[in-house]
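First the structure, in the form of structure tokens, and then the observations on it.
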Amino acid sequence: MAEATLLSDLGTQIIIPICALVGIVFALVQWMLVAKVKISTGKSNSADGNNGFTEALIEEEEGISEHSVIRKCADIQAAISEGSTSFLFTMYQYVGIFMVAFALLIFLFLGSVKGFSTSHQPCAYDSTKMCKPALATAVFSTVAFLLGAVTSVISGFLGMKIATYANARTTLEARKGVGKAFIVAFRSGAVMGFLLAANGLLVLFITINLFKLYYGDDWEGLFEAITGYGLGGSSMALFGRVGGGIYTKAADVGADLVGKVEQNIPEDDPRNPAVIADNVGDNVGDIAGMGSDLFGSYAEASCAALVVASISSFGINHNFTAMLFPLLVSSVGILVCLLTTLFATDFFEVKAVNEIEPALKKQLIISTILMTAGIAFVSWIALPSSFTIFNFGVQKEVQSWQLFLCVAVGLWAGLIIGFVTEYYTSNAYSPVQDVADSCRTGAATNVIFGLALGYKSVIIPIFAIAISIFVSFSFAAMYGIAVAALGMLSTIATGLAIDAYGPISDNAGGIAEMARMSHTIRERTDALDAAGNTTAAIGKGFAIGSAALVSLALFGAFVSRADITTVDVLTPKVFIGLIVGAMLPYWFSAMTMKSVGKAALKMVEEVRRQFNTIVGIMDGSGKPDYATCVKISTDASIKEMIPPGALVMLTPLIVGIFFGVETLSGVLAGSLVSGVQIAISASNTGGAWDNAKKYIEAGASEHARSLGPKGSDPHKAAVIGDTIGDPLKDTSGPSLNILIKLMAVESLVFAPFFAAHGGLLFKIF
């Protein structure tokens, strides 16, 4: 039955690592190009006569001495970098303790399935064959968990380092024009995107090959152990997202409420004591958190696909190339994104402000079109023309073109979700302009309009997700859904580049304001930042859409592994799980929102105290105490990230042990269904409020000017809406997609234990 693929196993072993290495090399090249912008005050321009000349012209026009500006930018950048690094190190210490404790739990739970015996056992899906002992799965799952966790942490940390390296460089390039600044910000984002995509792929590939040395032909056990990799990636992402989200929003809300509303000073004004903490927050929340989050999605989608494939004909017939189809899709994705990136940085140049957003949108469209061809090619060389896929106990016959459609449907659904998100959050379209217009009558109408926009923005993405689920499940069962999620994430390098571009531009604007650079430069960085806001919303849309597909695929793998044939909603065991699961995203959001509120309260009090007690802050003769504000944010976020984290990590364990796999399947389904809706509406509401405020501030149209200028009543109403939206779009919304995925992948890893020993309460009664 086993039909050969066009690509040999050796070819697969060569192609995957080469693509990953190409990605890493490309990232390093981009890094070197960014590093060419010097921040030292040496006369580095003299080498290039023409360059030195144009810069001198700009200086004379603005009458600012070159050295003092560069020195100020360098100092501010150092402060932001130091704050970000110290926060992440503090967080990783706490998370490290958790990591070791949880690794032990995995080992104990999975080892105890067969009482820590070292003898071989019948395979879970084919009892005629013998598989490696359960103890081996326990050891290797633990190793995979630690590998995933470390890769996730490194991904987030590298992203943050690159962002803090590039922010001041973007500001300095903005003196030469908006196009130059755009290229620096975008290249830096690309460094992060490619490093993350390539590292995730390479580590997973190496792990599979090393585990194979022990497992040999027992692929079922091998890929079951690999699921730990996804769990490690996502559990770190949870703390990164929640901790970083609380940090960034406590600082942001504190800085906005006292600085803008009470003291009437502009955003990022150096007189505001919370301003450094606010800029640090952009890096630890939006960059490190987002990086870990998308890495987690990628790892889990790959794991879900591999688990289902290992019990399908690929795994049974030991067809290595077809087995690694998910990794081959990601490998081609790296090459496609590399080509796409060159369109933004080398083939076309951004010359004017109004070209920024189209350039970023083109990235999404180009990568999607090229990737469709890439997927078709991979499906042609890496899949047998027909094969079978495990579908709840039966093998379903599938053709290779059907699998191609599954991946493509996920890819295009991602694009649709991205564009719908953009329509609802960009101030170029009517939804955000309506929200801005509602500020005429005060903050209350702004809030009402914003909430309505968020709820409405859920409709099309949900239909896109529903259609892709239906198509991919009809063609290739749960495997189809897993590869659809991978399709959505196949252009992750471009998605992350666009996403990281936002916070980098935001920081660049902050540095321009703090270094007291001229109005024109601030206008340029604002234009970069407004486009960045929209792209960040698109990135969140992608993350939420892929999380929905990933967790459904993991849910399917869990149901198969726990040996449940059907999940029947009418049985009370399942229904109570369903209704409790649907409640969890609300509980989780309540925790994260309240944490932001509590931390922001401390921040507001501290900023007020400094304005009232430090002499000469407002006239610039006294210096605010930035360090105290940074410390407030750090302490609050470390303390407050633990309860929401515990809720997500402990729920599957408690439900699985006490109520059993059927109730747990209900909890997973419930949390998936309600979590996706809240996540989309929360991030879009917050994004719309933020851009409504930016729309009024920019005053680019007649309508916007009638609402402005800064400090007018409609503007103050818009600032209040933006402040309410901050925790929604940067803490609760993006963390929810991790809640959905993490509970599913954790249930899958612990499935053997729950199936053997779970449901204690129902056994007693």
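Cβ from N, Cα, C; glycine included.
Listed features, source TrEMBL:
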TRANSMEM  14-34  transmembrane segment
TRANSMEM  133-160  transmembrane segment
TRANSMEM  181-208  transmembrane segment
TRANSMEM  295-316  transmembrane segment
TRANSMEM  323-344  transmembrane segment
TRANSMEM  364-383  transmembrane segment
TRANSMEM  403-424  transmembrane segment
TRANSMEM  458-486  transmembrane segment
TRANSMEM  542-562  transmembrane segment
TRANSMEM  574-593  transmembrane segment
TRANSMEM  641-661  transmembrane segment
TRANSMEM  738-762  transmembrane segment
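When Cβ-Cβ distances below 8 Å are used as the criterion, the transmembrane segment (458-486) is approached by residues 297-298, 301-302, 304-305, 308-309, 312, 325-326, 329-330, 389-392, 396, 398, 402-403, 405-407, 409-410, 413, 416-417, 420-421, 541, 544-546, 548-550, 552-553, 556-557, 560, 676-677, 680-681, 684 of the same chain, each at least six residues removed from its ends. Contacts between the transmembrane segment (574-593) and the transmembrane segment (738-762): present, as 3 or more C-beta pairs lie under 8 angstroms, all at sequence separation of six or more. For the transmembrane segment (542-562), the most Cβ-contacting stretch among 133-160, 181-208, 403-424, 641-661, 738-762 is 738-762 (pairs under 8 Å).
Only pairs six or more apart in sequence are counted, and the transmembrane segment (295-316) with the transmembrane segment (738-762) gives three or more Cβ pairs under 8 Å, enough to call it a contact.
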